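**Q** The structure that follows is given in the form of structure tokens.
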Amino acid sequence: MAPIDNDSPVPDAGRHSLLGLLTRGPTQLGLLIILLILWFVFTSVAPGFLSRFNLNSMGRSVAIDVVVGFAQMVVLATGGMNLSVGAIGVCCVMIAGYLMQAAGLPIPVSILLTLAFGGLLGALNGLAIVKTGVNSFIVTLASASLFSGGMLIFTKGVPLNGLPATFGAFGRSGVGPVPSLAIVALLIGALLYILFKHTVLGRQILAVGANARTAEMSGIPVGRITIFVHVLSGVLAGAAALMLTSRLSAAMPAVAGDDWLLPSFLAPVIGGTALAGGMVSVIGTILGALLVATIRSGLLVLQVGNFWLQLFLGVFLLSAILFERYRAKLAIREQTRRA
Amino acid sequence: MKTLLSFAARTQWSGILVGVIAGGIALSFASPAFMTEFNWFVMLRSICVSLLVAFSQMVMLGVGQMNLSVGALGGLVAVVTGGLMDVWGLPAIVAIGIGIVFGGLAGFINGWLTVRTGINGFIVTLATGSAFAGINLGITKAIPFYNLSPAFVAFGNGRFGPFPLLLIVPLLVTVLLVIFFARTVEGRYMLAVGGNAHAAELSGISVARATIMAHVLSGLLAATAGVLAVAQLGSAQPTIGADWVVISFAAPIIGGASLAGGSISILGTLIAVLLVGLIQNAMVLLAVDPYWVTFLLGALILAAVWVNRYRAIRVGED
Amino acid sequence: MALILDRIGKSFPGVRALNNASLSLNGGEIHALMGENGAGKSTLIKIITGVHRPDSGTVTLGGAPLSLSSPRDAIALGISAVHQERNLIPRFSVAENILLEGLPVRNGLVDFRRANDEAREHLRKVGLDVDPATEVRRLSVAQMQMVEIAKALSHQAKVLLLDEPTASITDAETEILFRLVRQLRDQGTAILFVSHKLEEVLSLCDRVTVLRDGETTLCGAPMAGMTRQTLIEAMIGRAERPVIARSGKPQEGTPKIELREVATAAGHGDISFSLYRGEILGLYGLVGAGRTELVRAIIGKDKLKSGMVLIDGKSVRIGSVEEAIKRFRMGYVSEDRKHEGVVLAHPIRSNIAMTVWDRIASTFGLIGAGKERKTAAPLARQLEIRTPNLEKLVGNLSGGNQQKVSLAKWLAADVDILFIDEPTVGIDIKAKAYIHELINGLADKGIAILLISSDMPEMVALADRILVMHDFRIVHEHKNDRKYETASRAIMSAIHAAEPVQTRTAR
Amino acid sequence: SDNKIALVPGGPHPYFAPWEQAAADAAKDFGIAAVEYKVPSEWKLEAQTELLESLAAQGTNGFGVFPGDAVGVNAILSEMKSNSIPSVALGGCAQDPTDVGLCLATDVSQSAYLGTKALIEAMGGKGTIVHLAGLLVDPNTTLRVKAVERAVGETNGAVTLLQTVGDTDSQEQGDQKINALLAAQKDKINGLIATGYISSVVAATALKNLGDKKIKLVGIDDDKIILDGIRDGFVAGTMAQNPYGQAYIGAYALDQMAGGCSVKADAPWIATPQTAHFVDSGTLLISAKNVDSYKDDLKALTKKLQASFKDTYLSCK
Ligand SMILES: Nc1ncnc2c1ncn2[C@@H]1O[C@H](COP(=O)(O)OP(=O)(O)OP(=O)(O)O)[C@@H](O)[C@H]1O
Ligand SMILES: Nc1ncnc2c1ncn2[C@@H]1O[C@H](COP(=O)(O)OP(=O)(O)OP(=O)(O)O)[C@@H](O)[C@H]1O
Ligand SMILES: O[C@@H]1[C@@H](O)[C@@H](O)CO[C@H]1O
Ligand SMILES: [Mg+2]
Ligand SMILES: [Mg+2]
């Protein structure tokens, strides 16, 4: 496993056989294979699964999950965590609503200000972590409470539902069969991919995550990098918040928050991002979110469960990951055999 | 006295202990109700479940792993225990016994899956957590079990002066855990695995065994917390455990545990739980505007941790 | 009891680490296992200790076939090892680390008092004077190494495997170790000894097995009759060639860097010296003399208390390592490669290019794997880093090859001042010669080099001047004429003349 | 009809248990092809939205929804409407402007107001009360807070509101906060008004454990613990809602709407702070007097409402 989206080191043999294909390549390929299998199974059992309506709705919610996952992923890259992703998210939801509805600012201005606000909250996290030396887990745990508390104080829990119609319309729109929100998520993904794969900054972030002491001794400004990823995380949480606001055509205090906590970790970790830092996968995060959404949606369409749904969700998720584990094992064995 | 002070200065959790004590003193001036027997009872009772939940996660941090299913597992055990009493009319002791064994078993499943598949424990327990929650909802359909053994419920509400009877359980567990991690070979092995799994393996310690044991222990503790929650609430609510995740990590980590594993503090965890309990109690006693409660909770935790960190730097630790 | 490995094969993804490698290790002998970095020595040891399972071949112990599925099995059979990498539990006490496999128990509880007593006994044997209750993370590198040795010896194993145990300890400690090892041999223990220090091997061992590219090129040959040359030929397939000597000389004029009466928070006092462009200034001292700590203070990692640092004649304040590197163009090759030198989880190319990311990036801050590879490839070739390609994770390289990466990244960096701390620990002789040539070459290019090494011959071969440090003070300066005898005598007598140090409890 | 109707609560919650039976009864009584009771796996807007979308993808053509979030639910339901799938809000309302046809529910504001009035009456018209409120992020909480304040205000100072405690609508937090409140103020408090399901249960349990009958409690919903509290005298009363009726009549209305009926513009709608198309599903105070008979009262109420529903509120071709 190389740090990012592995360009597979052993490219030759076995290229033409199916087994060869299956047993090469990184986790991301494995996830893709699982996804294809699941899609195939779900469609053949429940035709509603691939209906335009269902795909569209899945696409939109995955898009938000993906960006939420990104917001966590960039911090995980340095070996830290951001438990306040959801709190920043809900603050941004409300700020966006306020800017558009109460302050009546033009949509693009509101968007920029919202993202900047997310970045600002992230910067507070980063500064607190670097200046106090308290670990990111505790700082962001406390700041989550600070941020969402602050939001409650200002809004008194009252939602805003008079947003400009065009803003909500964007959340429902699409280009052909692809929801606009999914395109936004992919664009953000592309930028992050470039960041981590092709820029110095991205490399530095990963180096800090994999070994902060070595990074420092190599002249990398560990403190500044830490602050930067938190700002980025805040901006991404802000982006996810805007997407959510657009999708719901309203800003309300009950969204994001704690609801984002686990999903923010789930997608990156399934996708191959290391909790310990130093290794991220943008594509993996997208596939991870897709996997979870596919399983949920598939179970819903199959009408499995009702109250039991969560049980099946857990079981399916585990089986899918087991499958990938097994495939990865085969892949390593294959590479070893060829050595 | 001097040595006591320097010991205190060196101990990881002394900063937050100072926070707890100072907070307690300030509060007793600010609100006459604080020092009443009944308030102490209420506060102590409220930390019983949290403490066990925190221990359940702390054990995992000890071996360098996480358990995201603590809440779901505890919740499942809660309704299983309640259901056994309500639907099958089993005596409390039997129901509790089965419930706790069930928790240990669920923990074993977590551990076994982590070890055998080599999948990150984070994902395994996230998935099993979902499964446990699903079983909980599936059997209850979100409707609580009410007909519990009266003696059991009485135990949940009984008190001895300011001390809730329930407190016996977490106190006993605290003592056992201190001995387990400080003085037993298995306990030391778990911490060794958390501190450096590779080195532990090379020293002939079975990492697999230690990991599974930690999961079982974590399951047992979460199960105990679930049972206690039922006793405390007087009914087996399917929502028990739903919001345990955050406190489960927060308390051990505020108390000095390292997320990287191998380093935990049982007393630190205890004090951290006390700190959070105290802050929450204060908010109600001082009739803080409800919209400010969340904000202040965050601010106070940050402040306490900051003080502790400042102390650590002064002592030259880390 | 004889341990026999017959035609062992072992592959990792992309690498065949062992190929029909054989070894026969008898009780009552010290058997040397030699080979270049990446030849497969550690892999072989890991097979004997149950860490890895062989792909092919057989292992027998005392005639019975051995199939180990974990280190526990090996320990149970009386096989004990000091591995090349440190393997201690950082937050456990010295005593607990030593006795981890068999903690003394009373009434079901660990008996720490007895553990401390027992451990103290083991520590005494290896001559390490630390409190057994100290947490291991507070020890120095050398002390940790001695703890590991004490731990391995405490088992009274039938088979003892020592993978470069002397790489990071001094001569005095090495002597103690050898005395103990010989005692064990005389009691019938089978001992396998890995080292890149040829003189050591020649004087200590009874037989020798040599690996080259995972194959045995010499199998259990008696050491009597071996010479340095024959060993080298067996390892690298040809004779040793002399190191190309330096062409240049230190430049005169303003020193590149000068320290005036520097005192540090770590305890250094009155440190003054000048280092010129094109000069290699040696800093010699026994372990714990404070050399590493001095360099850390200079590069802004630790605090300076007083005194002045001048660069190019101008007084400067260096606030952070980043500033030292970016603004003052300094480089630091750490002695602790695992924690400060390399990023184990990242590929070779990123590790080497790390220091020059800023420079090889395009205007928008973009770099790609290709650019990194272009930077890294020539250095990897020059240092002969043994790897199928530059994508391999540094953590999967052999120890010596990791050390090469840790050095290579600073060779890439194009610095003005380079601090090199123990550059050739664990490096095979061929690569060591290359590294010496590289260091010479860097000096010839005008770089000012401060070289810390506990390897006296290395010091004498490279340094223009040698400062001797003892107990955080510079006690002597030796103008090096590159003659080993005179230099070593002068240096050692300077150290002995200085006050004896009382042992301090680590930082 | 061959309509497929789905009844979707906000999440798993005991309040909705009667919906299951109501769904079955409605399908039988009105001859609807399918009336399904579908519960989102978690109490999250996201989970509810996904469930609604998935059901629509499979041909459900009428939704009775308890809005997981009064504002948040609008986006998906207006999309449903643009695909000609009608919806009604059941048990709680969607916030105007909305494409939800109508809201058949308890008026949260009115219920809290009436509950407080009942509490004040039980206290003899004077004293001090504390409001145990639900989740602060829930906009209904604000409505209830205002309603309680209004009822207190109407006493012209005879009753004072000592304190509002928020976020008591979850098991453990509720237990902790309510008990701490009692520890601090139990001698000063004469009455408690609980406006959340769990808040009510926890408050009833706490008073019973204390053995305190001086403090009057009026809660909401008819959990077994509360009903027992009423019987034992620890609880003065509780505001019953009519979940069965909501689901039963809701299914009926949806069947009609999916069959071409539309919501009348001029019907006797009640206007609430949330919506202009409100129909009261029936609220009544359960007290010691009617604790054993209130279910029949609710049934009668349901029958009556259903019988005239079509003519009163819908216009059909
Ligand atoms: N876990 C692993 N994964 C991949 N390759 C490995 C792994 N362990 C060792 N190797 C490779 O196997 C080969 C032999 O390594 P080994 O560590 O045995 O060498 P060594 O003889 O001990 O060298 P040194 O003198 O540098 O310690 C090297 O090419 C190394 O990169
Ligand atoms: N034998 C010892 N007893 C106690 N403390 C020691 C000992 N050796 C080293 N130390 C501690 O380690 C620190 C010096 O570290 P270090 O060993 O890195 O010095 P050094 O001169 O760089 O030696 P080397 O680089 O050879 O290891 C000192 O702060 C000292 O307190
Ligand atoms: O009383 C309310 C019901 O009206 C419904 O909101 C479900 O939650 C309960 O607390
Ligand atoms: Mg080696
Ligand atoms: Mg040193």
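The backbone N, Cα and C atoms fix where each Cβ goes, and this holds for glycine too.
Owing to the predicted nature of the structure, the values given are computational and were not obtained by experimental measurement.
When I checked TrEMBL for this same protein, it listed these features:
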TRANSMEM  A:29-50  transmembrane segment
TRANSMEM  A:62-79  transmembrane segment
TRANSMEM  A:111-130  transmembrane segment
TRANSMEM  A:136-154  transmembrane segment
TRANSMEM  A:175-196  transmembrane segment
TRANSMEM  A:225-244  transmembrane segment
TRANSMEM  A:265-295  transmembrane segment
TRANSMEM  A:307-323  transmembrane segment
**Q** Does the structure show the transmembrane segment (A:62-79) and the transmembrane segment (A:307-323) touching, where I'm treating 3 or more Cβ pairs under 8 angstroms (sequence separation 6 or more) as a contact?
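**A** No, the stretches stay apart by this measure.
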**Q** Does the transmembrane segment (A:265-295) reach the transmembrane segment (A:111-130), going by 3 or more CB pairs under 8 Å (6 or more apart in sequence)?
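**A** Stretch pair does not touch.
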**Q** Quick one: find which recorded stretch in A:136-154, A:175-196, A:225-244, A:307-323 has the most Cβ pairs under 8 Å with the transmembrane segment (A:111-130).
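**A** Checked against A:136-154, A:175-196, A:225-244, A:307-323; highest Cβ contact count belongs to A:225-244.
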**Q** May I ask which of the stretches A:29-50, A:136-154, A:175-196, A:225-244 has the most CB pairs under 8 A with the transmembrane segment (A:307-323)?
**A** A:29-50
**Q** Can you work out which residues elsewhere in the same chain, 6+ from the ends of the transmembrane segment (A:175-196), have a Cβ less than 8 Å from its Cβ atoms?
**A** 4-5, 52, 55-56, 59-60, 62-64, 66-67, 70, 73-74, 77, 202-203, 205-206, 236, 239, 243, 246-247, 280, 282-283, 285-286
**Q** Against which stretches of its own chain does the transmembrane segment (A:225-244) lie, if we need a Cβ under 8 Å and a gap of at least six residues from its ends?
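**A** Counting only partners 6 or more residues beyond its ends, the transmembrane segment (A:225-244) has Cβ contacts under 8 Å with 63-64, 67-68, 70-72, 74-75, 77-78, 80, 82, 85-86, 88-93, 96, 111, 114-123, 125-127, 129-130, 136, 171, 181, 184-185, 188, 201, 204-205, 208, 215, 255-256, 260.
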**Q** If we skip the immediate neighbours and take only residues 6+ beyond the ends of the transmembrane segment (A:136-154), which ones have a Cβ under 8 Å from one of its Cβ atoms?
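**A** Counting only partners 6 or more residues beyond its ends, the transmembrane segment (A:136-154) has Cβ contacts under 8 Å with 75, 80-84, 86-88, 90-91, 94, 121, 124-125, 128-129, 226, 230, 253, 257.
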